C-alpha cells in the first residue's frame, strides 16, 4: 500500500512493469533464482522499487545483467558481489551484515530481550512484599504438605 | 470569491483554535467553570469553520476554478466528477486540509459525546486537540495554502495523478486519516489524565471506544491501501514495506498495543502509566508518519535540505508536542500508581507480553525505515532496507503474537491454572495442527514446512477465536439466546482475532503458492499456468473520459470451461501523458488470477502484433483483505458495546447526584 503522497514525486518510473520474456532459456532452478534476485535488487534510479517491478531502462539493464550472469553459471553471491562492487550496498534490499548495519540487524533482537526482561521485572515489582514474610512461607509449606 | 472565503475561514479557525487552547487551559488552572465551558463552543465553531473551508476547496474543484493553483495542478476539465471531489486530497495542500477537517470531526464528536464527563477532563482534552489543530492550521497557512491563486489563469488544469484516479483512492485516504487523526483523541485523554492526575477504570472506559474506533478506521485504511496497490501498481504485490506504508503501520502496531493495554487498565487498574505512554506514542508516530511523507525526507535527505520550510515546521511541531508530552509524562506519571499485583501467567500478563512484541515490532519498523536516512545523513554511505529485512525481522516478532492470541483469550484475569488452560486448548491445538497439514496438501498436493508453520498460526487464531464464542454460547439453552448472550465486546475481540488468523492464512498461502509468468503472446495464442488456460484475444484501442487505452482481452479456461474474460489495460492519460497499467483480476474466495498487460513487442507497434503479458495465479489472496475486514468488523462491535453507553448513563447519574449534594 503506497499512499498518494509519495507517488506524486515518483510517477515516471512506477507506471507498471516491463514484462519481457526474460526467463527464456533458463531451467526451473535458474528461473527461481532469477526471480528471487530481481526482487531483492533495487532499481537505483527509481523511488523504492525493485528491478522486477520497475520498467526504467536501468532496471531493464540490471535484469539483463542478472540473467546473463545466471546463464553463465555464476552463483547468487557472485552476482550480488559484482553488482555491489559497481553500485554499492544501495543496490541490495537485503542489507549486508557489517559494522554499519550492526545496529539495524541486532536492534530488534536486543529490544525484544530488553523489553521482556523489563516486563518480567515489572511483574515482580508489583508483588507486594508483605505477602512474602518468612512466617507466611512456613505456613504455606505446611498447608501444601497437608494437601499432599 | 469562494476560495477567499475558504482562506478566510481557515484564518478564523486558527483564531478560534487558539481560544480553544488558552481559555480552557486558564479554566483548568484557575478552576473557573465559565472558562472551561468555552472549550466546547470554541471546538465546535472551529470544526465548522474548517468544514466550511473544506467545502470551499471542494467547490473550486467541482466548478474547475483553475485560478486556484492547487486546483489547476490537480484537476482537469476532462476529469470525471467523482475524481474531482476526491482530488481535493490528491496532493499535499489538500490532504493537509483533509487532516485538519477530520481532526475537526473528531473534536466535534468529543465535544458532543463527552458532555457527561467531568468538565475539566473534557476541557483539557479539547484544549489538547485545539493545540494540534493550531499546529496544522499554521502549517497550512504558512507553507501550504490550498487556496493560493494563480495568475495568469490557465485554460485547463494539469490533471490529477492517474494513479489516484481509482476507486480505492476515493476512500483510502479519508479512512487512513480517520485513523491517524483518531489517535489524537486517545492522546488528548492521556494528557487530560496526566494533568488532572485522575486515571482510573472510568478513564479507561471513556478512552476505549474512541481508541478502538480510531484503530478500526486505520485498519480499514491500510487494508484499502493494500488492495489499491495490488490492482493499480501492476506488480501483483500487496505490501512493499515502503516508508509510506511503514508510516501507517507503525502507529497501527502501537495503537493495537494500546487497545490491549487499555483493557488491562480498565479491568485490573494496572499498567496505567504504560497505557498513557502508549497513547502518546501512537499519536507521536502518527505525527512522525505525517512528517515522513510530507517533508520529503523519504525521497532523499537532500531533498529535505534543499526545501526545508515544510519539513522543518513539522519536525519542530513534532518536537514541541512530543517534548511537552514526555516532560508532562515524566513529571506526572509516577503519581499514577497501579494497584494490585500482576503475574505473567494471567490474561493481563499475556497482554503485557503482547504489548512487548507489538511495540518492539513497531520500533523495528521504525529502525528499518529511518536507518538508511540516518546512515545517509551521517555520510556513512547509502544503504537500502527493503522487504527481505522487514520480513526477516517481523516474522519472529509476529509468530509469538499469534500464538498468544489463542491463549490469552482463554486465560482468566489475575491468575491462571496451567492444567485448566491445557485442557481448554488441547482440542484447538489438535484441530489447528491437523488443518495446517491437511488443507495445503488437499489443495496443492504438497506442503512445505513454512506453509505448515504459517497455516498452523492462522488456523490456531481462527479455531481459538471460534472456541471462545462457542464456550460462551454453550452456557445458554437456545442458539439465539446464545448468540445474543455473548457481549458485543467479546464478539468484537473474537472476530478481530479470527481476522488475524484469516490474514495469516492468506499471507502464508499467497507467498508460498503464488505462480507468476512473463509471457509473449500473439492474438489467439494460449498458455497454461497452474491448470488455467489463458487465451490472449488481442488488444483494441479504447477511448476513456480522460485517457486513451490499449484494451486487452484475455479468456481464462479451467478444465475446458471458460471461467472468466478479463480486460487488462494500458492507459495513457491525455493531460499528463502518463502511462498506467490497469491489471485485470478475476477472483474467487480461494484464488486470484491477475493479468497485467505489458508492452507491444512487434516492431510496427500495431495492435495486432505480439504483446508481453504478466500472469499471476495467487491462491487465497482475498484472505489477506478479508482478514482486515474481519478486524474492522470486530473493532466496530467492540467500540459499540452496550457497556460503554450504560456506564456513561450511570456516570451521568452519579455526576448529577454528586452535583446536588
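Using N, Cα and C of the backbone, Cβ positions are placed for all residues, glycine too.
Across the domain 'Cytochrome c assembly protein' (B:89-295), mean pLDDT in this model comes to 88. According to TrEMBL, the feature domain 'Cytochrome c assembly protein' maps to B:89-295.
Taken from TrEMBL, the feature domain 'Cytochrome c-type biogenesis protein CcmF C-terminal' applies to B:315-642.
If one looks beyond the transmembrane segment (B:6-29) by at least 6 residues along the same chain, the residues whose Cβ comes under 8 Å of a Cβ in the stretch are 35-39, 42-43, 45-46, 49-50, 52-53, 55-57, 60, 100, 120, 123-124, 126-127, 129-131, 133-134, 137-138, 140-141, 145-147, 195. TrEMBL lists B:6-29 (among others) with the feature transmembrane segment.
According to TrEMBL, the transmembrane segment annotation covers B:121-142 (among others). Counting residues 6+ beyond its ends, the transmembrane segment (B:121-142) has Cβ neighbours under 8 Å at 10-11, 13-14, 17-18, 20-22, 24-25, 27-28, 36-37, 39-40, 42-43, 46, 50, 93, 96-97, 99-100, 103-104, 106-107, 110-111, 114-115, 184-185, 187-189, 191-193, 195-196, 198, 309-310, 313-314, 317, 320-321 in the same chain.
Residues annotated as transmembrane segment in TrEMBL: B:177-197 (among others).
Long-range contacts of the transmembrane segment (B:209-229) within its own chain (CB-CB distance under 8 A, at least 6 residues past either end) are made by residues 110, 166, 168-169, 171-173, 175-183, 185-186, 189, 237-240, 245, 248-249, 251-252, 255-256, 258-259, 262, 279, 492, 624-625, 628-629, 631-632, 634-636, 638-641, 644. If you look up TrEMBL, you'll see B:209-229 (among others) marked as transmembrane segment.
Within the chain, the transmembrane segment (B:249-265) has long-range Cβ neighbours (under 8 A, six or more residues past its boundaries) at 179-180, 183, 186, 199, 201, 203-204, 207-208, 211-212, 214-215, 218-219, 222, 271-272, 274-275, 278-279, 281-283, 285-286, 288-289, 348, 351-352, 354-355, 358-359, 361-362, 365-366, 369. The transmembrane segment annotation in TrEMBL covers B:249-265 (among others).
The feature transmembrane segment is assigned by TrEMBL to B:277-305 (among others).
Residues annotated as transmembrane segment in TrEMBL: B:311-331 (among others).
Look at TrEMBL and you will find B:393-413 (among others) tagged as transmembrane segment.
What TrEMBL lists as transmembrane segment is B:425-443 (among others). Same-chain residues lying 6+ beyond the ends of the transmembrane segment (B:425-443) with a Cβ under 8 Å from its Cβ atoms: 406-407, 410, 451-453, 455-456, 458-460, 462-464, 467, 509, 513, 590, 619.
Annotation comment: TrEMBL describes B:449-470 (among others) as transmembrane segment. Sequence-distant contacts of the transmembrane segment (B:449-470) (same chain, at least 6 residues past either end, Cβ-Cβ under 8 Å): 399, 402-403, 405-407, 409-410, 424-425, 427-429, 431-433, 435-437, 439-440, 486, 490-491, 493-495, 497-498, 500-509, 512-513.
Among the features that TrEMBL reports, transmembrane segment is placed at B:490-513 (among others).
Taken from TrEMBL, the feature transmembrane segment covers B:620-639 (among others).
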Residue numbers, six or more beyond the limits of the transmembrane segment (B:620-639), whose CB comes under 8 Å of its CB atoms: 208-209, 212-213, 215-216, 219-220, 222-223, 226-227, 230, 238, 488-489, 491-507, 509-510, 513, 587-592
